[in-house]
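Undergrad: According to Swiss-Prot, the domain 'Response regulatory' annotation covers 6-123. The 4-aspartylphosphate annotation in Swiss-Prot covers 57. What Swiss-Prot records for 159-351 is domain 'CheB-type methylesterase'. Residues or ranges marked as active site by Swiss-Prot on the basis of sequence analysis: 171, 197, 293.
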């Protein structure tokens, strides 16, 4: 008989603690081993109970949830899901939670939810099961002098013509994985489009933070943005991102079509459009994440002549999306996270020499 997933619930609201206990008790695979109303009680229970997964509130008495998580990850690393009211959580707090080590951030459940408790329960239980399998200590990006201003390198007019294009898919663990990946790319990075699963309102701050770290431009994509070397475009939350072609140039097309794999943006939309318009001049990468988004799109890119890579299991926080891509035969190579950028650059050199 499989071992149950042992969960510790940390929230100052007795109502939320009871609601989460009710949700978890409906699943035979999950056992609530304890609850805590503040971080100090939670610390003692973490040490005593050694849970597989901790659910954590952000706003709590005596110490906020993010500060507590930072301490937990230093001294007692634990797979953590942050439950927060995303409408109240500022984008900086959201990103800080991910940087501190949260594997997932979910909308805090409430008693007066418009969706049924059954639907809500299914989503939360699915996340807990996936997070229970996650790696706690993925590879971290080494970015020199993160506080120092980064000099941007303008693209030349020649570089603005159509050539190579890079499409990247990432989800759970992806915000940190993207930093590792991008830290290996040069200032004249090929025109790059990224789909990172994030709620609306948070992708802009994420892009702005990345822009401060690297010598190339990183921005949240807008309708009509041109895809050029030296620029990385992040799909905005709640919008699918595709590309279209006009003459020798590629442009961003945003829309709010149906969610795919329960997500919007979905990488499959992007990668299928890249396969259609760019073909063999493209490269595709699927990084860490739950589910299977990007797998079919990466396969279409490969079949169109693009070079494709999936992150290996050992360096993923959650080996879901890359596993799905590998299972379809969509990846030319399966590589550790810190080797993907270098491999793509070698591939570019080979293409340019041909």
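First residue shown is number 1, and so on along the chain.
Cβ coordinates are placed from backbone N, Cα and C, and glycine is handled just like the others.
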Undergrad: Test of understanding: give the count of other CB atoms lying within 10 angstroms of the CB of residue 293 (active site).
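TA: Total other Cβ atoms inside 10 Å, all chains included: 29.
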Undergrad: If you count Cβ atoms within 10 Å of the Cβ of residue 197 (active site), leaving out that atom itself, what do you get?
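TA: By my count, 25.
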Undergrad: Taking just the CA atoms, what is the gap between residue 197 (active site) and residue 171 (active site) in Å?
TA: 5
Undergrad: What number of additional C-beta atoms lies within 10 angstroms of the C-beta atom of the residue listed as '4-aspartylphosphate'?
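TA: Around the residue listed as '4-aspartylphosphate', other Cβ atoms within 10 Å: 25.
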Undergrad: Averaged over the domain 'Response regulatory' (6-123), what pLDDT does the prediction give?
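TA: Taking every residue of the domain 'Response regulatory' (6-123) together, the mean pLDDT is 90.
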Undergrad: Taking the Cβ of residue 171 (active site) as the reference point, list residues of the same chain whose Cβ is under 8 angstroms away and which are at least six residues distant in sequence.
TA: 196, 197, 263, 288, 289, 290, 291, 293, 318, 320, 321
Undergrad: Can you break down the domain 'Response regulatory' (6-123) into helix, strand and coil residue counts using DSSP?
TA: 51 helix, 27 strand, 40 coil
